[in-house]
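*Asks:* There's a structure below that I have some questions on.
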Amino acid sequence: MNAIPVPRDIPLPMPAPEPILIGVLVIFFLMHIVFVNFMVGGALLTFWYQLRGLKEKRFDDLAYEIASTITANKSIAVVLGVGPLLAINTIYTVYFYTANALTGAFWISIIPLVITAFVLTYVHKYLWHQMERMKWLHIGLAAVVSLLFLFIPLIFLTNINLMLFPEKWGTVQGFFSALMLPNVFARYAHFVLACPAMTGLFLVWLFRRKDDAEIAATGFERTELIRKGYQWAFWPTAAQFVIGPIALLTLPETQEPIHSVIAVFGVAILVSLGMAHLMFTETRRPAETIGKSFVPICVMMLVVVGLMGTGRHLYREAAVTPHRELVRAKTADYMRKVDEANRQAATAAEGSAEGVSQ
Amino acid sequence: MDFPVFHLDFLGNRYLIAGIAILHVLINHGLAVGMMPLIAAMEWYGHKKQDPRWDKLAYKILFVCFLITTTVGALTGVGIWFSVSLVNPYSIASLIRVFFWAWFTEWLVFVTEVCLILAYTLTWKKWTAQGPESKKRHIRLGFALAFASWVTMAIIVAILGFMMDPGNWLTVNSFWTGVMNPLYIPQLAFRTPLAATMAGIIAMFLILFFTKKQDQFRNDALRAVGLWTLAFAPFVLVAGWWYYTSVPDAMKDNLGVSLGTLEFVDWQTKFLQIAVITVVTILLVVQFAISRPKLLPKVALVVPFVAILWMTGHFERVREFIRKPYVIGQYMYANGLRVEDYALLQRDGVLTYATYSNPLTEAEKAELPNGLSEPERTARLEAIQKGKDVFMNTCTRCHTGHGVNSITGHLQRMFGDQPWTPELTAGYIESMHYAQPYMPPFPGNKAELQLLGTYLQHLQQNKAPIPGAQSVGVIVSGAAAARSPEMTNQTEAAVQ
Ligand code: HEM
């Protein structure tokens, strides 16, 4: 079935010039996703260190430190999602709502799933010491939280992907068939790898600013902790050099050329190379100089994230632009017909009114 | 409706939204808007009296609020968006086009509120330990949070008010006309003491958990929070009265139908009764809590809370009266079609302009009349398919097939077991907006009325649930689809 649906758009003007809306979307989306990374990465690292903590107590304490950061990060992640939600609803009305409806059961289940994940995160954190005697149950909680946090992004990615391909709307039957569309899993892997990497950098920031007493309480040297952060940042980032290009190459072909998309991602890869190099150097530095390149690394990460967001947006535009032209034409045509029908109805009403008066 | 039709045939689409929204309003009013000033006041009072018991109690209550508002509270807020965009995408999309900046501002305030509650909760112990200067700063933080919570509510109420305010939408699409609408101030005046009263009741309930029976402090705390509650409760009644008397003003433009007016009078009387009962219950229970704190069982506080729920639920229904049968006053009906669309659709039919068709499942195809020949069967199924599409596009935003507020239930009540032939039902549907002022006029043409009738007759025999696009997908209608070769994606072949 190759029929491509061309629905009508909402016949109301945009509330602001498009570049402003796009700015809102891209910028706030990136802020959203960075905190999502901290949240998901934080949950995964907590789980990992808790497992290691079974053998060596101080890892359990480290896990607790990381778990404590999720509380704030997760709330910020969610609240920062609402701004881009507004913007994407406005700019890509037809595309986004259609994808939502076609995967509706899973889309709405995001709400109870996130609530569950958050409540369990609280239970896990605030009952940490009470659950000392039920260690496996406690670690089980961390595992469930991690699984939830790994599943929820898949729902988002499926939607964000499905919205780009109107030619698939007639063939999709529910969430799982939309999940199987090309590029979803490659993008998902790209996202999942970013979580420990961003969290690694977050931990470097955290352990650099904690005071000596707090560091001593963890049972690790500050240098060790910072090095661990960099290692979490570096290795997944190294893997991105494989996964990223796969995600790029599996992007479905668009009618519009995507040279600019490739150029943007190309520059991003170059900057990433420099950043990964610095990260690696940091992992090898001794106590006196470790952390020296933290600021340049963060700046480069910001640049990379910005480029990723830009490239992603350019691809989305390339994918939907031709279809959007069809939608515009369709909407204009429909509105013409509406006017015509209303005029006709008005004339008919006048006619009959005259008929009565005569 | 030009989106794939999301549909819940058992629960009903409106109940999805209503369930999420009510939960959200309760948490927002009771645990945020009303509770944050109460907690900040308790903290301030404890600091003034240098009595750490107040501080501990305030923190415990805050912690409960924190756990609930940052999980269920925040997510049900997002959930309202998610559910409305599934059920009524055209209405929310239209509203966003007009109110983008209002909602954007609202969002910024909301971000502030979240940051403040995080800061307030997570710094409590540390700043308290740091001495009086930090403590004062912390108390100020609490009042800032209380203010931000209230502002969030005030903006939302303005947006809701504008959506309810008929007419304005068409002429002056400005946010400020919304704020000026006759219901805004009364509504805000009603919700504010309501939130404070709810918070008082909840706080008293929590005090019973967080203090010991013998402890004198329990009495002090109950008395103080009781006074808070008593101070606000009368304003619920006063503002409720004000609101109640302002509603007809707001409805004038929308309602000509006498039946609706009758129902509204019924609503008004009931609202007033419930409000009086609620406030009296509150006064009695709180009086009792203050004078006989030792005898107070926990369930006693559940009673006024349930009364408040009842009143709030009834209160929220007023929006239906004011709006019906519109989803956006005078602009768009609750079926998602604009008033302006009707001339075209009633002339050419809704199906002519429908991009999607809603496939029938095998179960839905069962129970055809016996003894049909093969061509008759095919023709019948085709009519049922079209009738279903009419139903999905024009009725399902409010009705299910066999679940809550089901069309079959209504027809059963109206026509019993006699066959629901199109001759029987079409006449009613054609004038249904007179019979039931909740309903918009039927938007389709005469032929579609017959198709819908055929489908409804089929539903009399066939009890299979009607699936939505979220499970069976959609069929792209032939005429609406673009078939230009360049639009077919090259990867299509590779994937299949
Ligand atoms: C419930 C509140 C949330 C809202 C309102 C929200 C909003 C959004 C929006 C609007 C987008 C699309 C932005 C765009 O494509 O430009 C998005 C993307 C995304 N969100 Fe969220 N989000 C929320 C929670 C979450 C949670 C809890 C997670 C993860 C556990 C998450 C993970 C993602 C991912 C992975 C993407 C797609 C990234 C990509 O396309 O590469 N979100 N979110």
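Backbone N, Cα and C atoms are what each Cβ position is placed from, and that goes for glycine too.
Curation plays no part in TrEMBL annotations; they are all automatic predictions.
According to TrEMBL:
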TRANSMEM  B:15-40  transmembrane segment
TRANSMEM  B:61-86  transmembrane segment
TRANSMEM  B:98-120  transmembrane segment
TRANSMEM  B:141-164  transmembrane segment
TRANSMEM  B:184-210  transmembrane segment
TRANSMEM  B:222-244  transmembrane segment
TRANSMEM  B:271-290  transmembrane segment
TRANSMEM  B:295-313  transmembrane segment
DOMAIN    B:382-460  domain 'Cytochrome c'
*Asks:* Any contact between the transmembrane segment (B:184-210) and the transmembrane segment (B:222-244), i.e. 3 or more CB pairs below 8 Å with pairs at least 6 residues apart?
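*Replies:* With 3 or more qualifying Cβ pairs, these stretches touch.
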*Asks:* Out of B:15-40, B:61-86, B:271-290, B:295-313, which stretch touches the transmembrane segment (B:222-244) the most, going by CB pairs under 8 Å?
*Replies:* B:271-290
*Asks:* By DSSP, what is the split of the domain 'Cytochrome c' (B:382-460) into helix, strand and coil residues?
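*Replies:* Counting residues by DSSP class gives 50 helix, 2 strand, 27 coil.
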*Asks:* Sort out the residues at least 6 away from either end of the transmembrane segment (B:295-313), same chain, that have Cβ-Cβ distances under 8 Å to it, and list them.
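*Replies:* 22, 25-26, 29, 194, 197-198, 201-202, 204-205, 208-209, 222, 271, 274-275, 277-278, 281-282, 285-286, 288-289.
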*Asks:* Determine the mean pLDDT over the domain 'Cytochrome c' (B:382-460), rounding to the nearest whole number.
*Replies:* 92
